[in-house]
Amino acid sequence: MSRSNYATFWSTFPWFSCGLLLLWIIALGLRFWGLSRFNTLVFDEVYFAKFAQNYLDKTQLFDAHPPLGKYLIAVGMGLADRLSLGDSSVTNDLTGSLRSPFSYRWFNAFTGSLIPLVVAWLSYQLTHRKSYALLSAGLMTIEGLFLVESRYALINIYLVLFGLLGQGFGLWGLQTAPRWRTLGLILSGISFGLSAAVKWNGLGFWLGFWGVILVIKLWEKWENREGAIANFSWYDSATKLRLWTIPLYGLIVPYVTYALVWIPHLNLNPDYSFWQMQGEIIGYHNRIGGGEEVHPYCSSWFSWPFLIRPVAYYYQTINDGQMIFDVHAFGNPLLWWSSTAAIALLSLCFLQRDSSPPLFNLSLYLGINYMTNWLPWSIVSRCLFLYHYMGALIFSILALSVILERWLYHSQRKFQVLAIGILGVMAIAFLFWLPIYLGLPLSPQGFRLRMWFNTWI
């Protein structure tokens, strides 16, 4: 191959598609590796996997959350039964039926592997920059909490996936040709309804998306001129969105979707009506209470950005305590703390209004969505856990991607070196803490080496 042909090949090589494919393969491998290693029910699998089995067996149940997450786990279990997925030599009957742990975990693992791709899509809809989208997907691939949540029959991954899809479809609908706009906004509303049908805190994604649009429209009205904020891309489309479309796509479509999801559950449990079930859920959570007397891993909402109190999902020792198997719902600390600093920095850019329009508008979007996924927890009195921060964490990581991408393309080499160095250190940190994400065997010394603070244990 001649030098000119060689240069042409590399200039036309589909780096973006291949990069996303590589990240997805890594995410998929991390989630499926050793998925049946712990042949038991881990953390809230004692509820969710059992509830999924109840749906398969058509047995009545009471659940303190909407039913969609358990439906999806049940779908995975049903497919595993039909396709004979999982190791038949590793089984338990803890769900009420003899099955492999793989059967109630694999669908979550597959769904979790899609999160980096959906984050890339949302990032691209926001900026139309492939480098930003690829960087955002890369950071999500080395985030530990999302990895742990994907490897067990838990439901937060579904909440986040549908919430991100709601925002992605909404942004796509605002930017696409007018004939497709309605489809995009309907798909957005359906996705937001599905997110809320997993857990109610999925509404943070819905509130953030429509909150940004309302802020833009109010700001335009206050400034009394078009282009006060939104002068490009989807922001410009948001200013032209008619007010009557907001209740249609923002309220009616999500509500109808949410209500329809309940039909199978209500048919199985006819003692309660739709509205009675909503009241039962509220009553249950109001009765839980808060503090360590309720659960040793309860944490305060304001502590989450600093990764103070993760949650131990599984802990076992063998050989007289000389070998430890530990699974922590625990983020990548360096990525976590950097993202907290980044969202704070972008918030300053928004407040000062002295940055470029693209950066200002991106700060507006990420800042509002971060707050709508985080601040509502401040009024919740029940015991809270670190994983309730997952929705907000997405937007702080997107804020970090904004800063790192700008440094990577900075004209001064020192910023480029700094960005590469930060990315490298965060990747090393992910590998360092990988044993407690995957539950790999550790010596007591190795375990303590990774528990930097007593509150992490």
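Heads up, residue numbers simply count up from 1 along the chain you see.
Glycine too: its Cβ is placed from the backbone N, Cα and C atoms.
Marked as domain 'ArnT-like N-terminal' by TrEMBL: 23-253.
Taken from TrEMBL, the feature domain 'Protein O-mannosyl-transferase C-terminal four TM' applies to 273-456.
Feature annotation from TrEMBL assigns transmembrane segment to 12-33 (among others).
The transmembrane segment annotation in TrEMBL covers 106-124 (among others).
The transmembrane segment feature in TrEMBL is assigned to 131-148 (among others).
Under the heading transmembrane segment, TrEMBL lists 154-173 (among others).
Note on the transmembrane segment (180-197): residues 66-68, 158-163, 165-170, 172-174, 203, 205-206, 209, 245, 249-250, 252-258, 261-262 of its chain, located 6 or more positions outside it, place their CB under 8 angstroms from a CB of the stretch. If you look up TrEMBL, you'll see 180-197 (among others) marked as transmembrane segment.
The annotation transmembrane segment is assigned in TrEMBL to 203-220 (among others).
Here TrEMBL flags 241-263 (among others) as transmembrane segment. Beyond its flanks by at least six residues, the transmembrane segment (241-263) meets 66-68, 71, 174, 185-186, 188-190, 192-194, 196-197, 206, 210, 213-214, 217, 274, 277 of its own chain at Cβ-Cβ distances under 8 Å.
With a threshold of 8 Å between CB atoms, the same-chain residues lying at least 6 positions outside the transmembrane segment (334-351) that come near it are 139, 142-143, 305-307, 359-360, 362-364, 366-367, 370, 393, 395-397, 399-400, 402-403, 422, 425-426, 429-430. Annotation source TrEMBL lists transmembrane segment at 334-351 (among others).
The transmembrane segment annotation in TrEMBL covers 363-380 (among others). For the transmembrane segment (363-380), same-chain residues at least 6 beyond its ends with a Cβ under 8 Å from one of its own Cβ atoms are 126, 167, 201, 204-205, 207-209, 211-212, 215-216, 229, 285, 301-302, 304-305, 343, 346-347, 349-350, 355, 388-389, 391-392, 394-396, 398-399, 402.
The transmembrane segment feature in TrEMBL is assigned to 386-405 (among others). Taking Cβ pairs closer than 8 Å, the transmembrane segment (386-405) reaches residues 119, 122-123, 126, 129, 131-132, 135-136, 139-140, 143, 145-146, 149, 156, 159-160, 163-164, 201-202, 204-205, 208, 297, 299, 301, 304-305, 307, 309-311, 329-331, 335-336, 338-340, 342-343, 345-346, 359, 362-363, 366-367, 369-371, 373-374, 377, 419, 422-423 in its own chain, all 6 or more past its ends.
Taken from TrEMBL, the feature transmembrane segment applies to 417-440 (among others). Beyond the ends of the transmembrane segment (417-440), by six or more residues, the same chain brings 30, 33-34, 37-38, 138-139, 142-144, 147-148, 151, 314, 325-328, 330, 332-335, 338, 404-405, 407-408, 410, 446-447, 450 to within a C-beta distance below 8 angstroms of the stretch.
Highlighted: of the candidate stretches 12-33, 106-124, 131-148, 203-220, 106-124 has the greatest count of Cβ pairs under 8 Å to the transmembrane segment (154-173).
Two recorded stretches are said to be in contact when at least 3 C-beta pairs lie under 8 angstroms, sequence spacing 6 or more; the transmembrane segment (131-148) and the transmembrane segment (203-220) fall short of this definition.
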